[in-house]
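Working notes for the structure below.
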Amino acid sequence: MNRSQILTDRQQQELNKAILQYLEPMLTESSSDQEVYRSLQQILVPPSSSSSEAIVDNYLEKKWSTVLRLQRKIIDLENEVGTLRSIVDGQQSVSNGAASVISKDRINWLPNRASKSFPTQQNQLVMASVIHPVLPVIFGGCSDGSIIVWNIVNDDTSIPEKIIRAHTRSINKLAFSVEPADLSKDLTKSKTYIFASCSADLSIKIWDSSSYRHIRTLTGHDHTVSSVAFSQSNPDHLYSVSRDKTVKIWDLVNGYCVKSFTGHSEWVRDIDVASVNSQLSLNNMKVSAELGDFVVTCSNDQSVRVSHAESGAGLALLIGHTHVIEKVKFLPAVSNTILDKFLKENHAQFPSIPQELVSDEIFTTTLGYKYCISGGRDNLLKLWLIPPPTLIPHRSPLPAQHNNSQGWAIADLVGHQSWVKAIAIHPNGRFIFSGSDDKTIKVWDLANLNVTGSVKCVRTLSGHDGFINDLDFAAFNRDSGKEDKIKEDATEEESHQQLMKFIEGRMRCLFISGAADNSIKLWS
């Protein structure tokens with residue numbers, strides 16, 4: 001009998017006895033089974049064997065459970081090492097005063113290493129990935145039209161919780177509703193989070209995230225649907241953009257397209273939505289959004305466009321990229337403190353920006369947006385200040401009067417070696433995450449603007465073997481269950497600190513990436 005080159009003779013004998021011990025209860029019921037057992041016994045433990053020692057009961061099962069316990073212990077220790085390494089990295093991020101200080105508080109949590117990998121099949125490139133708004137569940141949209149769901153607390157990442165055969169062609173985007181909704185308008189039913197998927201098969205589909213039930217299909221686009229985003233002010237509305245150059249607004253209750261407008265001359269790649277209702281404010285968590293939503297879109301025409309959703313009116317154009325723009329996002333209001341300080345202290349660099357505009361409260365009290373960030377095939381990310389629209393009572397907003405309705409480029413984020421395909425924003429508004437075809441994720445610190453005058457990459461995450469197509473940082477619950485108020489006499493700094501404390505208590509330290517290497521990675 002050929003001996004294992006890995007095990008010693010003693011270990012080989014113990015393994016053979018354990019196999020016989022495990023099989024014995026199954027092979028003693030019939031005469032034929034007993035014959036099989038005797039044959040195995042002759043092979044595994046022949047009479048000539050020098051070892052006659054017995055082994056403990058349930059030897060194989062006990063060995064197996066011990067291995068599993070040790071594997072879990074190794075994972076726990078690896079996570080602990082990763083956490084300690086991130087703390088050391090944070091302490092070393094200050095070098096001769098040339099970088100901003102990153103504290104070890106939870107509010108500044110940053111991913112450091114891939115702790116879990118969720119694989120798909122060979123023909124399932126991950127094109128979109130998203131984290132459930134409240135549950136430890138992640139969703140991946142694949143190139144074959146499948147939506148795959150994993151529970152991240154499960155030890156076996158190779159077994160998904162659900163596979164949904166959603167579309168006939170590649171999925172381009174997955175998006176969750178801002179809050180639970182009931183599209184049936186049946187008051188007796190409990191509300192649940194819904195999510196939307198859009199595809200190259202020209203359709204958008206709406207799903208119940210608790211049962212994975214298909215609710216509705218939206219059709220009307222004439223070409224690939226690139227991206228979708230839920231309304232911030234109306235939970236029943238969804239926005240979509242397409243290669244047919246249009247932006248469409250959908251009523252999810254009846255499935256009708258209620259508005260369609262064209263603002264770009266080529267393929268519209270991405271969309272993000274903002275309203276005064278979406279901007280976190282401790283003084284009033286649910287502000288009435290009289291103007292409704294504002295949307296920002298990007299296109300193959302190398303421009304970023306800010307529009308008023310209800311009227312479709314173009315309000316501002318951001319020009320500066322030299323190639324296709326893949327992604328764009330509004331920055332949250334919590335980012336304003338950092339960027340406002342930079343503009344106020346460096347006014348000479350931006351003579352065309354009126355000083356009073358930087359401090360204008362219209363952005364937070366009326367509009368819900370001020371800055372945005374875009375990334376494209378020129379390997380760059382760009383930070384923009386968006387000029388406010390012209391507001392006339394009882395009329396839709398009109399194009400901005402400042403700077404000929406064009407936005408101001410504040411800073412370029414330089415570091416990627418290939419196309420920037422994904423952008424995510426940290427809940428604290430300070431850190432930007434970008435994913436690229438160079439197979440890396442970069443973490444950018446906006447606070448460096450006020451130290452070095454540029455946005456520095458403070459961390460590069462490597463681990464994927466393919467183009468990175470999507471990123472997501474877990475959302476946090478804006479509803480606190482109690483009234484959160486800022487003192488009327490609080491200074492701007494005190495207000496900001498209280499806002500950070502609010503976010504810190506509700507943020508979830510979950511960050512994922514989806515890539516063309518057939519995997520989603522969870523970073524810790």
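Every residue gets a Cβ built from N, Cα and C, even glycine.
Per Swiss-Prot, coiled coil is recorded for 65-90. Among the features that Swiss-Prot reports, repeat 'WD 1' is placed at 121-160. Positions annotated as repeat 'WD 2' by Swiss-Prot: 166-217. As annotated by Swiss-Prot, repeat 'WD 3' applies to 220-262. The repeat 'WD 4' annotation in Swiss-Prot covers 277-317. Annotation source Swiss-Prot lists repeat 'WD 5' at 353-394. Sequence annotations record features per position, and here Swiss-Prot assigns repeat 'WD 6' to 415-454. Sequence annotations record features per position, and here Swiss-Prot assigns repeat 'WD 7' to 463-492. Taken from Swiss-Prot, the feature repeat 'WD 8' applies to 493-524.
With a cut-off of 8 Å on Cβ pairs spaced 6 or more residues apart, the repeat 'WD 8' (493-524) and the repeat 'WD 2' (166-217) reach fewer than 3 such pairs and are scored as not touching. Panel annotation: around the repeat 'WD 5' (353-394), residues 232, 272, 274-279, 281, 289, 291, 294, 296, 298, 302, 304, 306, 308, 315-316, 318, 320-331, 333, 335-336, 339-340, 343-344, 347, 400-403, 405-414, 416-423, 425, 432, 434, 436, 444, 446, 455 of the same chain, lying at least six beyond its termini, place a Cβ under 8 Å from a Cβ of the stretch.
The repeat 'WD 6' (415-454): residue composition by secondary structure is 7 helix, 18 strand, 15 coil, according to DSSP. DSSP places the residues of the repeat 'WD 3' (220-262) in helix, strand and coil in these numbers: 0 helix, 25 strand, 18 coil. For the repeat 'WD 2' (166-217), the DSSP-based tally of helix, strand and coil residues reads 0 helix, 24 strand, 28 coil. Over the repeat 'WD 1' (121-160) the predicted model carries a mean pLDDT of 95.
Residue counts for the repeat 'WD 1' (121-160) under DSSP (helix as H, G, I; strand as E, B; rest coil) come to 0 helix, 18 strand, 22 coil.
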